[in-house]
Structures are given as C-alpha cells and as structure tokens.
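Feature list (source: Swiss-Prot):
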| type | residues | note |
| --- | --- | --- |
| ACT_SITE | Lys36 | active site |
| BINDING | Asp11, Ile12, Gly13, Lys14, Thr15, Tyr16, Asp50, Glu110, Gly111, Ala112, Gly113, Asn174, Asn175 | ATP binding site |
| BINDING | Thr15, Asp50, Glu110 | Mg(2+) binding site |
| BINDING | Thr40 | substrate binding site |
Amino acid sequence: MNIFVTGTNTDIGKTYVTKYLYKALRTRGYRVCIFKPFQTEEIGGGRYPDLEIYKNECDLDYDVTSLYTFKDPVSPHLAFKIERHQQLNHQTMIDKLESLKAQFDMILIEGAGGIAVPIYEYSDHFYMTTDLIKDTSDFIVSVLPSKLGAINDAIVHQKYIDHQELPPNVLIMNNYTDSAIEQDNLHTIEKLIHKSVYTLGHQATQESFSEAFIQRIIGGSNG
C-alpha cells in the first residue's frame, strides 16, 4: 500500500507526521519504508534535512528514501531548471517504487510542499503533485495546521483533492495543543467538510496517534 503524505503548505509538519506514522505502523508489525522522491535544500556535505531525520531516527538510508535531490530550497520544478543536468524520468520513479513494494508492506511517500506544488515543467504542461499522487498512491494523509487560518487552509485543500478526484484521504491537525482556537478550528473544519479531523501534539511519539486514525490508514477508507 502506498500512502502519500501531503499538507496545506510547506513547513506544515509532513516529515514530523511521517516519522511517527512510520514508527506507529512498525510497532504494529508492518514492514514500512519512507520515500521522498523530491528533496530540495542541501544542508552541506550532501545532506538534506528530511532525509537526515529518516536516516537518524528511522534508520533508513538515502538509497531507500531518496531519488532526486537538489541544492537550493525551491519548488522541485524550479530546482530542475536550476540543475539542468537532472531530468525527470517517470519510469525510474515507478521502478523505484516497484522495487520498494517488493520489500515492504507500506510505503510512506512524502511530498514536497503542499498539494498543488509543480514538480516538473514540460514544454506544454506541468507535472504536478496531484499527478504524482495519481501515479503512485492508494491513500493520502493530509497534514493541517492548528493555528489561525487552519479553517481556510483545510477547506481549500479538501476541495482541491475532491476536484482532482484523488484517492481517499484522512486529515490530521499537527502541533495541536487543545487551545480554545484550536478546538474551534477542529470542530468547524469537521462540520464544513464533513470529515473527521485527527490531531497530533507537539511532543508526539508513535503512541500519540489514535487507534481510529491508524485503522483509517490501514483500511484506506475515506470519511
């Protein structure tokens, strides 16, 4: 099963959620890996922030987690333009995933930035994150902010997913502290989009996910 982890924006906590989801699924006996096909922003010595987290905290090497890496902290489509020696090879990406599927029960695919990020610009169209999801994934984990603005972000995000006819998704509000505004954000989002929203606190562990959230992912259901 391929699970795509995306969010309403960049720096929303996708890596944080992915890391603990990986650990939570592992403790339940699943063979799990993480794959981030497009990683920007080198931090020196051929190292990249998210890939370093997966290496140091999940014991997953770069040869498992990465495919395309770029020096500058920019959108993948611009990174490809800057580093012109790199070209998107769709078949290489699919082959990498097929190789991982032969070894693991579940693959957590972390996207770059939010749901509408362009990945590669061809002469007549863009290859978008939504195309990547359609090509690779069975289910989506949508990471939401808990702060002011979360309601608008969540509604736009969900409407876009529905409009693009993407696979089923589950929503999780990151860095949730149970403050009055966060409680209202959670309640209002659920009423407006007619879906359950799960939460993950700032000081999380693999035990922090509710069993209902894990079962939703394992079952791959919408709602």
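Each Cβ is built from the backbone N, Cα and C atoms, and glycine gets one as well.
In this structure the alpha carbons, written CA, of Asp11 (ATP binding site) and Glu110 (Mg(2+) binding site) are 12 Å apart. For Gly111 (ATP binding site), applying a Cβ distance below 8 Å and a minimum sequence separation of six or more within one chain yields Phe4, Val5, Thr6, Gly7, Lys14, Phe38, Val117, Thr129, Leu132, Ile133. Annotation note: Asp11 (ATP binding site) sits in a coil segment as assigned by DSSP. Other residues of the same chain near the Mg(2+) site, with their Cβ within 8 Å of the Cβ centroid of Thr15, Asp50, Glu110, are Val5, Lys14, Thr18, Lys19, Ile34, Lys36, Gln39, Pro49, Leu51, Ile53, Tyr54. For the recorded positions shown (Asp11, Gly13, Lys36, Thr40, Asn175), fewest C-beta neighbours within 10 angstroms: Asp11. The Cβ of Glu110 (Mg(2+) binding site) lies under 8 Å from the Cβ of Val5, Lys14, Thr15, Thr18, Ile34, Phe35, Lys36, Asp50, each of which sits 6+ residues away along the same chain. DSSP assigns Lys36 (active site) to a strand segment in the three-state reduction. A strand conformation is recorded for Glu110 (Mg(2+) binding site) in the three-state DSSP classification.
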